[in-house]
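So that you can see what the record holds, here are the features copied from TrEMBL:
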- Asp139: active site, charge relay system (ACT_SITE)
- His214: active site, charge relay system (ACT_SITE)
- Ser542: active site, charge relay system (ACT_SITE)
- 201-215: compositional bias 'Basic and acidic residues' (COMPBIAS)
- 27-104: domain 'Inhibitor I9' (DOMAIN)
- 131-581: domain 'Peptidase S8/S53' (DOMAIN)
- 388-456: domain 'PA' (DOMAIN)
- 657-755: domain 'Subtilisin-like protease fibronectin type-III' (DOMAIN)
- 197-220: region 'Disordered' (REGION)
- 1-24: signal peptide (SIGNAL)
Amino acid sequence: MAAMASSSNFFFIFFLVLCLKITAKKTYIVQMKHQDKPLSFETHHDWHSSSLQSLTGSPPESLLYSYTEAFNGFAASLNEEQAESLSKSESILDVYEDTVYTLHTTRSPQFLGLDADLGLWATGGSTQASEDVIIGVLDTGVWPESKSFDDSGMPEIPSKWRGECESGPDFGPKFCNKKLIGARSFSKGYRMAIGGGINKKPKEIDSPRDKDGHGTHTASTAAGSHVANASLLGYASGIARGMATRARVAAYKVCWETGCFGSDILAGMDRAIRDGVDVLSVSLGGRLAPYYRDTIALGAFAAVEKGIFVSCSAGNSGPTRATLANVAPWIMTVGAGTLDRDFPAYAVLGNKIRYNGVSLYSGRGIGKKSVGLVYNKDNNTFGNLCLPGSLKPASVRGKVVVCDRGTNARVEKGGVVRDAGGVGMILANTADGGEELVADSHLLPAVAVGRKTGDLIRKYAQSNPNPTAKLVFGGTVLNVRPSPVVAAFSSRGPNMVTPQILKPDVIGPGVNILAAWSEAIGPTGLVKDTRKTKFNLVSGTSMSCPHISGLAALLKAAHPDWSPSAIKSALMTTAYTRDNTNSSLRDAADGSLSNPWVHGAGHVDPQKALSPGLIYDITTKQYISFLCSLGYTIDQVKTIVKRPNITCSKRFKDPGELNYPSFSVLFGDKRVVRYTRELTNVGPARSIYKVAVDGPSSVGISVRPRTLVFRHIGEKKRYTVSFVAKRKRRGSTVRSEYGSIVWGNAQHQVKSPVTFSWTFLKTLGECQIINEKSKVKF
């Protein structure tokens, strides 16, 4: 009887789980064959709604979004059985589950050479022309009251603008102006994910208002107006301004407290394209996927095809290798570097040794006298990490606590120390953080130090019978050398979707960036942080991305006929790889020399990008040939390109044949790799360029021809470069090597970085294709 009862329970639980699986609703993104729309439907929305109801029996409210610009298809709330039913329709190209993405979270205009709009940017009308350029920012919304969005002196909104300022419980048209010309929010994917459907009232107010701060920071970095006397609680005091101070801003809120959902991102991109933006700034990313399953890559392709420049953050998963996000070649992938500004702070130990660190703490210090120092290295309680509840008040009360960086937020550790009765914190890097120092606006006196210094402090705290310390804060220091340095957190190559495309593309300022902030949240973002500030210092590739978005707006204003790939080329081929001590760029992770998998083409130089001399341009047809070379099916290529007549009759033999401004050479079993590139003259007529190559001794590099003569502006010339491995490398641990190809004359140096690899790892794309061939979709 017991066995029968057990068996009955098993079947009951099995059927209960099965029923839950069948009835549980999730958001799915559905790719339609756009050309299949019957003439009987007036709009694609009508067709999408009808298809959804007839194929799945779903009610009309199951249709969350109907996309027309960024994507051919819709997003819907479905259970697994309904999604499978949809996938069998002849009019459906693909059905896949919604993906969640995450955010990749002053002095930078001067550091980039944009002082007070002087120099080249103020001549030739480019500053005024940028008033016609619109930057769309996909993020957490906007705090419209910020002075960074003041529209004083701005002319009327460009007539091409088709967007609007959305009304909501805490937002409305009155909050927009001639600077902040549009604000919308997209939350249906988020609302489905948190449960209860789109009709349930969400935890967050459904409006474009920024309650996080991230979106306000990125928008003002790209195109904020001049604001005098800006600072974070006294730090980095001065004039805050964006890159393109006269450009317009349109905010698209696609990120909420639980993340940024692909269906909402796609809806934001779809609307931004329709609204008429010129630049899209996207400081967020997710797990790698083939381009036909990458929401951002799909929307970005549609945008670029319509002449919209798309800039995305590379990710904050460095210094680990192969951690990049947003690697599609039509996207500008941006890593992060430091400025020449720092916020020094010092930990002075009882042995009289003073160690250098950084901090943005702005309250009362711990006094001039030293206090006790403690390091809780206890594997059972994780007190060394200062996790919530891990510190014993009896052992830390009245003392400075050494906390290892990692696992929980840096600023949260300080809150844990304060709550346990500690009076200060030394935040010490471990091997993962290396020597990178990121300043934070801590809740108590705190100093962040690198790994080597941290090891010395930890050793002192554990070996001295009566360890003591005091903390000293040094304010703001300028003209720091060396700078820039590549941030340790900045994600690195190689590109695991398409290794033949070198990523990241460039680096820009992304460490301790001062920009506008939401007054709905404190500078640390912690609930217990009740401080309010109009500006904040934040680090991340999220911060470097809008720098490049703003620079792209300036280039678009100066050269309205340039394509997105031309703008990208100008920024890449003029980037620099030497710091302000005239030494090669270094990596903050360990102080070693950086390389193109870390910094791409180098650090952007906007003054030189204005006049690059030559550019590598890429057409949609070339992108199609590139996609056809990746082993995708015709339907998968159609998913990206959104054209019905794709045949892949013309495809590259090697994805590296794309006319990209950099080279990633994979020898694998080959000894010779040969590519042809095309350059377009955007400099003076009758320009002559000669080539110079640099590479490792293990590779021979030859270029034909070695001289290019351009008689006219806009003239195109081709060259072929052959890379020959002088000996075959063995083993999978061989270091990659690097070089460059430079076309130059007295006025211009058009530089392309080159990476060389002898081993060929399975790429994510290949693994995906193998999986798709060996299993059913659901």
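Every residue number used here counts from 1 along the chain in the order it is shown.
Keep in mind that glycine also has a Cβ here, set from the backbone N, Cα and C atoms.
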The compositional bias 'Basic and acidic residues' (201-215) - residue tally per DSSP class, helix then strand then coil: 2 helix, 1 strand, 12 coil
Number of other Cβ atoms within 10 Å of the Cβ of His214 (active site, charge relay system) across all protein chains: 27
Structural state census, the domain 'PA' (388-456) (DSSP three-state): 20 helix, 16 strand, 33 coil
Most Cβ neighbours inside 10 Å, all chains, among the active-site residues Asp139, Ser542: Ser542
Rounded Cα separation (Å) that holds between Asp139 (active site, charge relay system) and His214 (active site, charge relay system): 7
Whole-number Å value for how far His214 (active site, charge relay system) lies from Ser542 (active site, charge relay system) (Cα to Cα): 8
Predicted model, mean pLDDT over the domain 'Peptidase S8/S53' (131-581): 94
The domain 'Subtilisin-like protease fibronectin type-III' (657-755) - residue tally per DSSP class, helix then strand then coil: 1 helix, 57 strand, 41 coil
Within the domain 'Inhibitor I9' (27-104), residues counted as helix, strand or coil by DSSP: 27 helix, 27 strand, 24 coil
